[in-house]
Structure formats: structure tokens, C-alpha cells
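Peer 1: Dropping a structure here in C-alpha cells format, bear with me for questions.
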Amino acid sequence: MDEPPSKKSRADSDYDSGLDALSALESLEAFPTSSKDTDVDNNPSTSAGGSGGPSGSTPHPQGTPQPAPSNNGGFNLQPGQSQPQQPPQNMGGGVNGSVLQELLMNPSQTSNNSPRPQAYPPGQQNAFNRSPMMPNGTPNMMSPPSMGRVPGPSPGGPQPPGPGQPQMRPGQPGMFQGDQQQQMMMGAQGQQFPGMMHRYPYAQGGPPPGAQGMPQGYPGVSRGGPTPGQPMGRGAMMNGAMPRSGPMPTQGRPGIPPNQQAMMQPMMTDRQFMQHGQYGQQRPEFMQQYGRPGGYPMMHQGMMMDSNGQPIRGPNQMMMMSNGHPGMSHGPPNGQPGPQAAAAQHAAQQQAAAQAQAQAAAQQQQQQQREQEAAAAAQRNGAGRATTPGSSMLATHQDPEKRKLIQQQLVLLLHAHKCSQREKENRDFAAKNQPPPHAACTLPHCSTMKEVLTHMTSCNVGRLCHSDTTQTTKKCSVAHCASSRQIIAHWKNCSREDCPVCKPLKRIQDTPLQFSLPDLANLIGVNGNSNGSAEGDGLHQFGSPAMRTGNITNSLFEGFNGNPFQNGPNRGGPRPPGGNGEIPNLPPPDMPDCTKEWHHQVTKDLRNHLVGKLVKAIFPEPNQEAMNDNRLKDLIAYARKVEKEMFESANDREEYYHLLAEKIYKIQKELQEKKNSRLNQGAAAHDQYAIPPSNELAQMLGVEGGRSDVHSEGSSMAVAPSQQNQPWGGAPNSNMHQQIPPNGQVPQVNNSSTFPSSGNSTPNIGASSTVSAMLQPKTEPMDDQNTDSLSSRPPTAIGFGGSSSSTPAPIMNGIVKKEEDPEESSNQAPPSVKDTKDGVAESKPKEQQAKREPTPPPTEDTVFSQEDLIKFLLPVWEKLDKSEDAAPFRVPVDAKLLNIPDYHEIIKRPMDLETVHKKLYAGQYQNAGQFCDDIWLMLDNAWLYNRKNSKVYKYGLKLSEMFVSEMDPVMKSMGYCCAKKLAFTPLSLFCYGAAMCTIAREQQYWVFEQSSTQYNVTVTERYTYCQKCFDALPPEGISLSENPNDRNNMAPKTSFTEQKNSVIDYEPFERCKYCMRKWHRICALHDKKVYPEGFICECCRTAKKYQKPDNKYLASKLPHNKLSTFLEDRVNGFIKKQLQAEAHKYPVIIRTLCVQDKEAEVKAQMKQKYVESNQFPEKFPYRTKAVFAFEIIDGVEVCFFGLHVQEYGSACPAPNARRVYIAYLDSVHFFQPRELRTDVYHELLLGYLDYAKMLGYTMAHIWACPPSEGDDYIFHCHPPEQKIPKPKRLQDWYKKMLEKGVQEGSVVEFKDIYKQARDDNLTTPTQLPYFEGDFWPNVIEDCIREASNEEAQRKVKEDDDDGEDADGGLGGGDSGKKKSSKNKKNNLKKNAKMNKKKAGSITGNEVADKLYSQFEKHKEVFFTIRLVSLQNEPAVLAKPISDPDGLMQSDMMDGRDTFLTKAREEHWEFSSLRRAKYSTLCLAYSLHETDSKGMEYTCNKCSSPAVWHCQSCDDFDLCDGCKPTTQHPHEMEKIKSLIGGGEAGDSAAGGTRYESIQRCIASLVHACQCRDANCRRMSCHKMKRVVQHTKMCKKRINGTCPVCKQLIALCCYHAKHCTRDACTVPFCMNIRQKLAEQKRSQQRRADMMMRRRMEGLQSHVGGAAPTPSTVSNGTPSNAPTPPVSAGPGPAVKGGGVGQVQMQQHQGSHVGGSGPAGMGQPMNSFGGMPGMGLGPNAQNGPGLPGMNPQMNANQSRYMPNGPGLGQSGAPGQQQQPMYSSGMPMQRPGGLGGMNPQQQPQQQQGHPGLQNPGGRPGGVHGMGQNQPVRNNQDMVMNMQMQNQHQQPPPFDSTLQPQIMKINSRLKAAKTEEERETVFSDLKKTPHLFHAWLRMRENQNLVPNRMQGYSQMSMGSSNLQNLQQQQLQQQQAGAMRGGGGFAPGQNNSQPRAPSGQFASMNPSMQQQYPQQQQGWPQQRQQNPGGMQQNANPYNQFQNRQNMMMMPQQQQPHPSNAGGQ
């Protein structure tokens, strides 16, 4: 061939001047001749069908009368003559007769005569065929369809003998001249052409047609000749040779060209062929010698027969080609002879004898000729490639003049059609009073051809009309009609690369001609209703509407071979925008929201063209009438929307084509599914005629060129020659499978147009009833199936015009299960033409498991044969079916039998094992993925309908496990990743209402969300509430301010929306770009940003020996700095030391990902109290760093450790100077080897502390708090098997690490925070380090607020007392004396109270005293680490800290929240190693690319810095290198990045980019402040211009201006660090305000999460081993201390918090007797340092032996929130835990307390275990045994009195309770009060909270009285002991400072986590409590325990009434009071 086929252009490009083509034809040279073809007929056939059936030559009987001459429209031919008797008449338009006239009038005898001997036997397998339309005939101008359109095996090799190869087809007149044989129109080896010729059955007996004087195997008449035995039109001839026929019938109509009569008569006749007795011979296929039944089995159905004699479904109605070819028609019922039959009988009898004589010789010569042609074909096409039908057609010695005439007529036809369209457009414009867009055509003969085309659209002559069967003998009298059909048919069907007729036009098409057929359907196929077929007949073409999609439907130029300009010689040409059949008059397509570089290569016309393809994929007949239908308008709007989405989402033009074509294909597939289901139902009754699948037939399947019921005619898939040679065949269930050709290779795609050429070969369907079903067109534009396709099909990929598809696309016809996966399309992009040789030739590896070829269409999964699928899948199915758990799944669910009428309402798509088995054997599965989908559908249905505790549900779980275990190996063996149905972990939802409340799955919840973005800063507010907490909210909603009492910024309840926590996201899929197998994206470890070339599965990669592409975005390629280098060397050194030679297997990569400077702002209360008085700094500058560690596992990087730290340098003011704070630390347990995992973590942390020590930092701080339930610190979704450590275990972990640090010298010492405060003599909050995000700043805020409230309450109380004193002084006499005495007592009491209070506070600062109580409560959680010894500290302090590492910008790693949020959005989970690998891949890519956005633009082509920006497009930029080579329709303006000195690629250097930004910011600041017009700084003038431009720019608002975008990004950088109040930089103040708002929003959420964590921690508070500084009893710190009186306890782990599982909240104390169980001391109000009242105190009441009634009440009230008066820290409200079997029903679903808690709690209470080990300086005093006994008595007494303790109270309900109280106070009548109570009772939890509030207020005075009574009964021994301890109590009780402060710990909280002011009614109790507590402290420290945390327990009214009785039986326990 002269040119590679992939570079052939299509002829449907625009063509403006037909003369250009003609002039090009004039210069063509004749093709070289071939000697072996000299005896071959080179004249064209005149069959209107375009690809007729086989022809065989048969001598005519010599005695046959010849027709008389007549003038028939330009031809006057007489029988027996080879020359016309008169010249042709001139026809309209100036053309002298038909273009074929000269060929017909001057035939070449040598070329017209058949060399086959007269007696050639017809029974050979390879019928002799010299028709110019046949593949083994002469290489004439009209090639028949390729083998892809012809049933039967390829002609490339010998064919097996047998009855499957009929020699000739009956019912077609041959073409013969003189005494020569009649030429028969046959396919290769006698194949018939089902696309063009109908199969006519023989009668039930007698000789075959033409048995007299004809060979016995004469199968019928060829195109253009009369039926033997039928009268032939006078003068009719074929190929210039006069046939000798029998008597001339009277039916021949004068005025019709005889050649057209003969040509059209047999083709357009729908009668049974030769049904009278004269034709008793059966069709050869059904003769006994062929092994067929004696009778024709389907004559009554009018069946067609294929080349194997198998029945082919024929149309029930008139079978008209979509191009108007009358090739297929249906006959009348059996037994109804045609009107010509009687006259034809006699002629057939006369021909029978001559035919018999010539039969033997004909067969012999036919065999010889077949061998010669096979050799010639092999020589031309090369070994190993199947010969295409058209490759041996045309004789290269044909007369160039004749060839030119044919070419001229073809060009004229093409031009005339285009010209007609232009005229129509001109008329349309004229109707609108608009100037015509096209000039008038001046081409000669154009009008003539337009008349011919117009006539052909409505020409019914010679075709069956159901109302007039006599039309079968009519002849068309219009000139050029038949010849034009013939030429068009040849052009359409010719697939030869060296065709002398087509090749010149191919060359012309290689140049960009303006030649197209945009709307040929409007002229011929749609508006004209091609061939006169009534619209009502519903039969525009043989196939489904899906086949017609995208092409010119029902046009003259497309029959079963599809678009002639696509399917013919121009298949390979690029498809221009105006291509074929777009919807006319579409408005310009919508511009994309973001413009990309490749967008400018796609014109609007092309986009509209593709929109039309989408429309026609759904509604294939958009005629002008339908264009006015609103449904079609909606459909077009949908198509435009889809096209726009694809246009925007695609990364390049190829992907855009790929996405659109994938969409089209899936739409077509869905349409076909419904039709095929009907076909299969209809075929069931006729299975005896179906062809079973076989290897031979399998090779005939999957033909690209073949017409299928699946493909649209324009569905953009490439065509391979060998594919065209494989016709469809087989039964309805087998015609969906493809097989590999004999050579096992994918033939090179020679079609650069990636839409397939729809061929003329239809599936051989073995039951006639299915034909009618298949022929029913689906023209409804929006039926159910179509609607589903619109909504359920994601875009997938096929290439469109201009590019060669890398995947040769076979056609699949079968029921394909709808794919439910929501995957986006793969990155399959058809390679360019230059890549065709490399990419396409290897587009499919040879599969061992499932041999198949060629590759399926894009996004259609690999297609396996039915046998292979059964072999692989049946064993899995059998195991499932035999399982005991499969009982409910074996048969379909019978809703009536099971009495479940709602089953089908809930389950929309039932599935069961029996149905799966049937579909498997019916061939309805094309791949294993569809089988898996059905199994999972079956299981999902069971899980959806049945409850979790039902047997069916559990059976489904077990069956799913079995299925995965059995199916996974099978899927892997078939080339897939796995058989699992994988979904991402559902996100945990937190309730912002009650503490520790979570929103469970499938629960309803309410959410408030608002977001605003300005200046590139986005502020998002999102608050979620469970149903119960939402109901408890007041109508005004929640406060969005930091101060919860601020009512100015509220989110009302009406702004909340109700949602359900039921969202499940499934893992997306990627498709292999070659075999289209679906892999989970995470299994494939593929991200299209990292690997833009597309995904290649391991199967194809192995077969093709492709190396996995390099990942440019590895973590190891991120920049190093000093810190990361230091840590990496240390860790790898440690691993090497431990593993020696194995260390290289476990390389660790450590990188510092972010280094930024920030400031920690002081909170409001602290600022008001201390900052304004200059006692405390307002801000603390610090540097934050993010350090992450990676390990290479299985060759892939996996991130396993993350660390965020804050460094407060030497320039930071005290108390933060030279301190480092470990803010967050997180890990996932994927590090290998496992035994070194903990040590490596320790090395990382100790390495950082050592590094900080070397820099000059002196102290480090760690908060050892596990995350709360469902919370993550750094990594999203930890592995389920990785248990989040419980508090004690985590603290032990840190302690072990720090002890190791002490040993190695990196740590000097470490203490708990309480010990550190005592040692540092902390007397004011200003001495406590103040870290960003730490726990203590919030605690200080609360302490200050509480102290202020208490002071206000005291003043109110004093004022009240003073008022009473003043009132008492008014009386006289005795009463006055009594009052005076009373006042004196009150004053003395008040003074004593104040003095005692001061004596109890050693700091003299109420806030500090409260802090100390919190310190002791949480001392186990906070570590203070000294890095530098006190001796070396002065030397260290003398040197300022200088960080050797520069700043490193990273928005994603700027704190933990950004990365965590992005991971949740993108599903970057670390829940398994598989997902961790993928998440790390995406993380590393984002880290590489994070710095390349915002500041400068990047080139859309190469991603380098862009300097050219499109003014029209939203986002299109080019660099200098790409601009010359990239065409863009808009004007480009040159821009420069505002950042000088830094390139985008320098982001890896970190510092370089930062320095560039800083220089640019400095220039910006200077320019905004500079007033010098002649400033000598160059950057000044540049920045001034930029600033001025931004102020005036109108495009700045929508973000389309590149200059403004850069400036705003630069201003954001500046604003993050700007502190000037009057900054002149544009937008600085606005951006800072927005940043502050963003920070506040983030801080509120952070406070909420911290409160949750601390509340979870406090639920197990004290469950931690003391640090070494507080352990002095010699017990190992990691060993639990047994209870006091219960003996040694089990070695159990401490409680934990934060797991998604609930076990960390399930705690119950270890058993024991009541007193022993109560040995856990109750916490004091303020924590009471020195009293051994550790953090465990809150848990005491819930111990064994408590009143069951109290337990019940507690469990009843617990859901409403925490109790009051606990710990005093935000979120420290603690709930009592029980061991009584009644778990604590917190909203989070928490259970009882873990038994492991008790030892931990007791360790935290040295007062119970080791008197000398008390913290706070108490140890050493040595409490004696009586004191301990006293403590036990007090605890016993406490157990009796614990019911008197007030119930816990949910502080979040405080505002509502206050509102209720106000309503009660305002109520004046009893009815009003009842109304209030009635409303209150509607919300039970609020009613209970109100009751508890009342009980709390009433209980405290009673308890104070009880304590006073008990104190009076104390023993002298106890008094003596208390006197001895008074001195130490004064020091040990410093943290108490007055115990009242500790009570006000539970206050109403807003979502921000802040605490509101205390209710005054609550505050009134503190003075009362303070009156009694100091005396008790002095008397009995142990007695304090009985009163500890009085608000921690619930007390009902009955228990309150029983208080005196409870106290009386235990007088001994009251000692010490």
C-alpha cells in the first residue's frame, strides 16, 4: 500500500468544490496490470444492493428466445448483443447517459467472460466467483463488504468441507454474455452477503432453479440479471454482456432501463423464490447431498440462510437498507408464488439440462480459481493476515477512462448531497430574512445529481409494497438511479487499500477538503424516509437504534455497512467536526468553567457534532418533526451538559474523546440490554435452529466491521482488517463472545477514525421470532432504559475523530449487567496516528486464561467466552450453593409464600443463586466482574431487608466470607485484583451537644453549615447535633461566638437541616487501558495525577513486558533539612545496629514537611486580667514544624509516623522561652519489623528532643492524652486492629521513653506538671507556660471566670448580711440587744471564715489555687522534661537559639487539621496497609505540588511557569516554549510572575521559593508605602502598576485576572504575618480579618475536640501510673497497685479513651467488699493537693456495694450529660462508672467502667496506699495507722452518705434551665406554673436536669448540717491526730485554696467549648460550703474524702429524706468531724 491505513482521511470532511476532486482525478495514472487478472471481468456490477450475493456463471440454453430491442431510458440493447444498438439518450443535466454507460456498451469480452468451464460442478466448497463485487473476483471498482460483514470463515485458507458452505444463492439473475456462463455474485468461498441479498427458499422438491441447461448448484441470479426461468427485461444486460434468457415476460415495463429492471427485480422482491412445481429442486443447502433436511424448514417464516446453511433472521417487513439499498426484502407466505413464477417455470426447465452439463466443469474450475485467488490474496496481504474481501477485487488493468467516469459520478453524488444541504440552509436563512451563508453552486451536472438523489430517497420501484405485490416487477425509469446506488454501494463497502476507483479519492481525503455529509439523514435517511419505507413500518434498518447512533441513519450512503465515507476507503481518515449527522442548528456549545490548553484544539462545530452523537445514542431518529418535541430538546440539553462535563474534566483531547465515546457506548449498551432480553425470550422456542457455540463459530464473532446490535454506527472505535473478516454468527447467547484470530495477535488498526464502521453482517440468529423483536426500532427518546442510561452511566472513554484508538474494538451483543461502580473513566487516551504502530499493534496481550481478541470497546470489561466463564466461575458457584449458609439464597424469593408483601418494594433488583446459575449458562455474563456484582447484589439485598440479628443476615455474612475466600484466587487468575466489594470507612460524626456524645450509623442528626470564601480564605462553620441534643437546644439555636453568652451571632434551629448518617462511599475503579479490566484504584495503586499515562494492569504489563513507570513524586524526593537529616540518620543507624545485615530491607525516610512561624494569642480572660496590667505578654511567637516518617514496604513508600511540634525560641518572652511543646503525635502500625516499632518511635521522639537540646532549648512538654472516640490526630482512619492506647498505657509508654532518654543523656529529668509547679513555686497563672492548643490556657480561663464569679457572690452575700444587720439596728429594747448579739456572732463567724480561707491558700491567689487543684487532678497526663541541667543552663541561656533550617511553606501540613480534613475528603485512609500505600502516594504528590499553586501560573501544556495568559479563557496559560507550538483561537497576553528569582520548580528547594516570596512581599510593602514618583527600585514601579491595576480590574471578583490572582495570593502571604494596625498593603486588613475568623472557627472545633478528649480521659481519670516523681512506695510504676483491703489485684491495663470501639469507655471497678470497693477516695472540690485525692476521685461513687437504686438513677440520668462540680477543667465533667451490670448509657453508647481502672486509681491516691508518698510535700510526715483507720471510717461513713450527694448535672442545659426558672418566677397563678411544668415534661431529659438542679440547691445546706453534726461526734484521738497534722495541712492544702472553686466546673457550653457564666442560684451554695469545709480540713484530712466532689453522684428525693437515718447507725464513722 502507498500509505499506512491509519493515516487515511475520511471523505466526510467538508468539500466545497467538486471540480477540485475531478481535476485531481484527471491527473491520476492507471494502476499497473496483473497478468493473472487479465481474464477477469473488470466491469462493475449494477446491483443496487452494493454487495450482492455470490454469482456463478451458467450457460444459457441455446434455444432460449431473446427479448426484442427496446429503448429504455438511454439504453437500447438487444439480446445476444454485446454492443448497444443505439447510442444512449441524453439525460437531464447534460450528462450523456449513465456514467456506467460506456462500460455497459463497450464491454471487454475477455473481462466479461468467465473462465469457468461450462460443466463446472457447483458442489465445491469454494464457489467460483468472478463477479467484480466478490472478494475472489476481479479487483474491480466496487469491492464487496469486508469479511467482517460476511458470514462464514475467512477466505484466507482452505475451508472445511461439509454442508455449511452453500455454493450459490437462489433467486438472483446472473450476468453472462453470449454463450458464457452467467456470473454469480458470491462472497468469498461462495459466501452470501446477508447485508445485501435476501435468502429465498426453494420449493419442497424438484430440481433447483435453472435445472435445465444450468449447473445443478446454480444458486440464483446475480445482481443485474434476471432470474433464470423468469422473463428478463428486454435489453437487460450486466457488465456489458447480454444475458440469454427465456421468453420475455409481459410484465416488463417499457421506459425502464432493462439493466435496472434486471438489477432491481430480484433484489427488491419479497416473494418466495420459485415456489411452483417447475422448481422442485431444493436449495443446495437443503438437498440430501448437503446433509440437510429434505424440506426447507423455515419457509413459512421467510428465513435467510447464512453460508453454513444456518437460518438467519430476516426482516418481517420490507428490509430496506438505511442507505436506500433494496438489498433485503421479505417474501410472502410460503406457497404464494411470485407473479413472475409461472412465466419463469418454462425457462428454468429449459435451462436445467445445460446447467447439469456444465456443473462438473464449473466445480473443477471454481476450485482452481479459488486456490489461485487464495495465493494471490496471501501475496498481496502478506502471510498471517486474513484476506479482506475487497483486497482482490479490482483489476489493475482497467481502462482509466472508465474508472474516471465512475469516480466523477461518485464525486458528483457526494457533492450533490452537500450542495443540497447548503441550499436547504440558504432557504432556512432566507425564511428568517437573513443572508444565505452559501453561494449558489455552479458545478456542472450538480442539479442532475441532486435530482437523482432526491428521487432515490423515495424510489419504491422494484421493492415490495405490502399493498401491491405487483411492484416486484416494476422497473425504475429514472436514469442514474440504479447506477448511483451501485457506485455508492461500492464506495461504502470497498475496503481495499489499492482499489483503483477509491484510492484516488483516498488521496484527496488525505488533504483537508471541505467535504462532508453533515446531515445526509435529513435529505435521505430521515426527512425523505429512505426508499419509501413508511415511517409507520418501524423498519429503517436492520438493527437496533443503538447501531444508528452517531451516523447518518437510513441514508442512501449507509446500509448494513454503515457510513460509506467512514466504512469505505476513507475509514482511516480523521473525522472532521461537521462529520456525520450532527443535530442541525445547535447553538454554540457552552464554554467550560475552566479552560485548558487543549480546549482550543476542539472547535465548536466538533463539540456540537459530538453532542449530536450523544443525542443519537439515545434517540437515533432526530428528524425535523422530532426536533420540535420538548423531550428531544431536553435530551439535547442533557447531551450538551454531559459534553460540557467531559470537556471540563478531560485532561487532553484524547481523554475528552475517550470520555464521550465511553458515554455513548454505555448508553448503547443499556439500550441493547433491554432489546436482547426480549430477543432471548423469543429465541427460546426456536433453539432447535440455533447454532451452538463452537471454536469455528467463535472465530466468526466479535467482528468490528460487522453490524451489531450493540454498536452505533458512529461509536468511534477502531477497525482492524482481520476483524472485518470475522462475520457474526452463532446463537443469540453466543454472539457476544470474541476470539483471537488464528495468529493470536491483534492486527494493526488501519483506521485512525476511532468510530467503528458498522458492517453489513448481522448476527445469525437462529429463530425467526427473534428477528421481529430485533427489528422493532426503539425510537422513544426517553424511555425507562434511556433514562437510566442518562443517570446511571458515568462517562467512559472512546476516541473520536482525528485520533487512532489504541484499542481495536469488537462488538459485543449480549445482556450486560449494569455496572454499579461509580468509577470515573480511566485515563485511556487514544494515541496519535504516529503511535498507532507501536500502541495499537500490541493493544491486547494474549491471555492464557481467556483467549479473546480483539480488545473490547473502552470501558467495557474484558469479555471471556462462555466456556471460560463456566470453567472459572462454576466451581465457585457450586461451593456457594452447597454451603449450609446458602439455604435462603438458592432460589428466588417468593414474597407471597413467605408472606413478605413489601419485599419487592424494598428490594428493587432481586437476585439469587439459581438466577446467577441461569445467567452463567445463558452466556449473559461477559466477565467475572459481572458475576461478582450479582453475588454481592444478592447479599446486599439480604442485608438490606433483614435485621442484623436475623438468621438470614448472619447467613449472608458467612456466605460473603466464603465467597471472598473462594473468588479472590479466581479473580486474580483471570487478571483482576480481587472479588471484594470495598467501601471506605464511614466518617465518625460528633455531637456538639452533650459531652462524649456521638452520632451512630443510620441515625438522624441535624447539621448547621455555612461557608464563605474571600481573598482565597475560606471560613467554614459546621456543627452537628444528634436528635436528642438538638431537641434540647433553645429555639434561638446556638451561639457562633467564642463567648457562649453572646447572642449577637446565633445560628437558629431553623437553620439546621436534618440528615442521616448513612453515606457510604465505595472504592473507585480504574480500567486497564489495554484490556479494560476493572481494578480497584487502591489495589492498582494508581493515581492519574501521578501516572497520567493511564493504568495498565499487571496482566497486560507482564504480557507486554512494560516496566512500571517511575513515580516522580516520592517522599524520598522531597527536600531534606537539618532536622530531618539528623532524625533519619539516627533512626536508620538504630535499625542497622539492631538488625545488622537485614537493615537494608527496612529503609526509613524522614522529612520535615512544614516549617512556619506563628504566634500564640492569649485568651480573653487572661488578657483582661493579666495582659492589660502588663503582667503577661499578649502573644508568644513560635515556630511550628511537621516531621513525618516513611518506610519502604514492598517497594512502596508508606507513611507511618507524624509529629507536630512548637518551638518557642530564645526571643519568646517568659514563661515560654526556650521551650518545645509536642503538640500532636500519631502513628499507624505498619512499620516493619514489628519488634522494633516502639523503639523506632522512641528514637524519633528522643532524637527530636536531643536535636532541640542542641539548638538551645531547655524544657519540653508533652500532653499524654489519647484521642477521643472516632477522633484522629494526624492519620485518617487507623487500622481497626490498632487499639488506641488507654491513658495509663500511653503514660507508661511516655514514661518508658523518657527513662530511656535519661539513661542516654538526652533528657536530664522529667516530672509531672503538679510536681513541676511545686518545685517552681508557681504562685500565679502567669508563671505557667502558655502553648497554642494546650489544655491549660482553657483551664486558666475557667479558673479566672470562676474566681470572678465567686468574688461577686461573696460581695452579694456580704451586702445581704450587711442589710440584715442594718435592719436589726432599727428595733429597740430587748430585741435590739438580741440583734446586736446576733450581728456580733455573724461578724465573728464571717471573720473566722475568711481567716480560715486564707490559711488554706498558700499561694494567696485564688486562680493559682484552682490551678493547683487541676494540676493534681491531671498530673499523670502532663510531662515536663528538662533538657538542660540547672548547672549548664546559664551557659545555654547566654547563646540565642538560631534554627539552621529555613522556613518551609506547606498549606497542607500547616497544623494537623488541614491534612486530616483533606484526607477525609479524599479518602486517604490508613486503615490497612493497602490503603496506606495509596494514601501515601497521594500525600507525596500533594506535598510536591502544594507550593506550585497560588503564586504563579503554570503552563497548561507542560506545567512550567507560564508567561502567556488568555484574556478570554478562564484558565489558559502557556510558557514561551509551548506558545509557538500550541494553537489558540484567542489573543494571548504576556504576563510575568510577581515573584522574582524563584521558579515554580524551585519549590523542592523550600527556602528558595520562600525567599522569593519574601522579596516580593517586601517589594509590595515598599510600593504601597513609597511616595517617590522617581523611586529607583525597579520593583517599586512594577508593584505600583500591579496594585493600581488590581484596584481597577473588573475581572478580579470572579478570579479570572491572572495579575489580580497573584497579587491577592501575595497579599495573603503578607497578611498571615502582618501585625501593623494601619497596613497599606491592599486587602491586608480584610484578609487578616478573614484569617482571624478562620482561626477562630478552627479553634472552636479544636476546643470541642480537646474537651471531648479530656472528658474521655477524666472518665478514667487517675487511671494512670504516677510518674517517678510521685511514686515512692517502691512499687513498679507499670504494675498496678492492689486495692487497700482486697489484696493484690490482677495485672490489668489501664482504661483508655478514643477508640472507635467502646471498650475504652467500659469500665467497672474491681470487685471487693463495700469498704474495700469504696477505698477509692472521692475527689475533693478543688483536687486538694496533699490529700492523696488524685484524678481518680470522680470514679469513687460508682463502686461495688452502692445502692442499686442509685445505680439505676445514675444510669437514667447519665445520657443527659456530665455532673457538676468536677475537676474544674473544660470538659472534665465526670460520670460515675459502675460494676453492677448497668452500663453507663451515655449518648456515645459507653459501657461500664473497665475493671482495669481500680489499680490505676489507687496508684493515684498515695493517701490510701503510702502516707509518705503524698505529693505536695506531704510525704515524710508519716501518717500513723490511726489516721489510716480514720480514713477507712470516713470512707465507710461516706458510703452511707453517698446517696446524699447531689446528682450529676448536664451543664449544657444550663441556659434552658435558667429560662425555665425565669418562667416559674414570672408565673403568678397555679395554672401558669402547671403550663410551665407541662412544657417541661415534654422534654424528659430537660425535666430531669431541672430536678437535679433543685436537688443540688436543697442538698448542700443539709449536708453542711450533717457534716457539722458528725464533726461534733469525733473522737479525741482524731482531734489529736488532726492537731499534729495541722502544720503540714497548711502546706499540703495549698492547691485547695478554698474548696468552692472546684465546684463550678460544669457550666453551659457553646459549640466552641467555652464555659458560660455560672448561674447565680448555683453560686449561692459556695459560701455555705466554704463555711464548713475549712474546719473539716483542719480536723481530718481523711474525712475530706467523704465530702469530695459532692456533685458527682445522683441523689433522688427518697435518699435525701433518708439522710438522718443513714447517718445514725454509723456513729463511729463520724469521728473526726
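A Cβ is built for glycine as well, from the same backbone N, Cα and C atoms used for every other residue.
Grabbed the feature section from Swiss-Prot, which reads as follows:
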- 1-182: region 'Disordered' (REGION)
- 106-116: compositional bias 'Polar residues' (COMPBIAS)
- 307-398: region 'Disordered' (REGION)
- 558-593: region 'Disordered' (REGION)
- 706-864: region 'Disordered' (REGION)
- 721-773: compositional bias 'Polar residues' (COMPBIAS)
- 864-970: domain 'Bromo' (DOMAIN)
- 902-948: region 'Interaction with histone' (REGION)
- L1225, D1226, S1227, R1237, T1238, I1284, R1289, W1293: acetyl-CoA binding site (BINDING)
- 1349-1401: region 'Disordered' (REGION)
- C1499, C1502, C1519, C1522: Zn(2+) 1 binding site (BINDING)
- C1510, C1513, H1528, H1530: Zn(2+) 2 binding site (BINDING)
- 1656-1828: region 'Disordered' (REGION)
- 1667-1678: compositional bias 'Polar residues' (COMPBIAS)
- 1748-1757: compositional bias 'Polar residues' (COMPBIAS)
- 1908-2017: region 'Disordered' (REGION)
- 1943-1962: compositional bias 'Polar residues' (COMPBIAS)
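Describe the structural surroundings of these features, if you would.
Peer 2: When the region 'Interaction with histone' (902-948) is classified with DSSP, helix, strand and coil residues number 31 helix, 0 strand, 16 coil.
Under the DSSP three-state reduction, D1226 (acetyl-CoA binding site) is assigned to strand. Cβ neighbour count for D1226 (acetyl-CoA binding site) (all protein chains, 10 Å cutoff from its Cβ): 19.
DSSP classifies C1499 (Zn(2+) 1 binding site) as coil under the three-state reduction.
Look at C1513 (Zn(2+) 2 binding site): DSSP puts it in coil. The number of other Cβ atoms within 10 Å of the Cβ belonging to C1513 (Zn(2+) 2 binding site), over all protein chains shown, comes to 22.
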Peer 1: For L1225 (acetyl-CoA binding site) and C1522 (Zn(2+) 1 binding site), what Cα-Cα distance in Å is obtained after rounding to a whole number?
Peer 2: 45
Peer 1: Applying the rule Cβ within 8 Å of the centroid of the Cβ atoms of L1225, D1226, S1227, R1237, T1238, I1284, R1289, W1293, what extra residues of the same chain belong around the acetyl-CoA site?
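Peer 2: Result: Y1241, P1285, L1290.
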Peer 1: What are the other residues, in sequence order, whose C-beta lies within 8 angstroms of the center of the C-beta atoms of C1510, C1513, H1528, H1530 at the Zn(2+) 2 site?
Peer 2: T595, H600, Q1511, S1512, F1516, P1529, E1531, M1532
Peer 1: Sorry to bug you, but what's the C-alpha spacing from C1519 (Zn(2+) 1 binding site) to C1510 (Zn(2+) 2 binding site), rounded to the closest Å?
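Peer 2: About 12 Å separate the Cα atoms of these two residues.
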Peer 1: Can you grab the distance from H1530 (Zn(2+) 2 binding site) over to C1519 (Zn(2+) 1 binding site)? Cα atoms, rounded to a whole Å.
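Peer 2: The separation of the Cα atoms works out to 15 Å.
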Peer 1: Restricting to the region 'Interaction with histone' (902-948), what is the model's mean pLDDT?
Peer 2: 93
Peer 1: Count the Cβ atoms, other than its own, that fall within 10 Å of the Cβ of C1522 (Zn(2+) 1 binding site), considering every protein chain shown.
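Peer 2: For C1522 (Zn(2+) 1 binding site), the count of other Cβ atoms within 10 Å is 17.
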Peer 1: Considering Cα atoms only, can you say which of C1499, C1513, C1519, C1522, H1528 is the nearest neighbour of I1284 (acetyl-CoA binding site) among these binding-site residues?
Peer 2: C1499
Peer 1: Check the DSSP secondary structure of H1528 (Zn(2+) 2 binding site), expressed as helix, strand or coil.
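Peer 2: H1528 (Zn(2+) 2 binding site) sits in coil per DSSP, no helix or strand.
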Peer 1: CA-CA, which of the binding-site residues D1226, W1293, C1519 lies nearest H1528 (Zn(2+) 2 binding site)?
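Peer 2: Among D1226, W1293, C1519, C1519.
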Peer 1: Which Cβ among the binding-site residues (R1237, R1289, H1528, H1530) has the fewest C-beta neighbours inside 10 Å?
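Peer 2: Relative to the other binding-site residues in R1237, R1289, H1528, H1530, H1530 has the fewest Cβ atoms within 10 Å.
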Peer 1: With an 8 Å cut-off on Cβ-Cβ distance and a minimum sequence separation of at least 6, pull the same-chain contacts of T1238 (acetyl-CoA binding site), or say none.
Peer 2: W1293
Peer 1: By a simple count, how many Cβ atoms lie within 10 Å of the Cβ of I1284 (acetyl-CoA binding site), its own Cβ left out?
Peer 2: 21
Peer 1: How big is the gap, in Å, between the Cα of S1227 (acetyl-CoA binding site) and that of C1513 (Zn(2+) 2 binding site), rounded to a whole number?
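Peer 2: Between the Cα atoms of S1227 (acetyl-CoA binding site) and C1513 (Zn(2+) 2 binding site), the distance comes to 45 Å.
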Peer 1: Test of understanding: give the count of other CB atoms lying within 10 angstroms of the CB of W1293 (acetyl-CoA binding site).
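Peer 2: The answer is 16 other Cβ atoms.
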Peer 1: Can you tell which of C1510, C1519 has the least company, meaning the fewest other C-beta atoms within 10 angstroms of its C-beta, among these binding-site residues?
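Peer 2: Counting other Cβ atoms within 10 Å of each of the binding-site residues C1510, C1519 gives the minimum at C1519.
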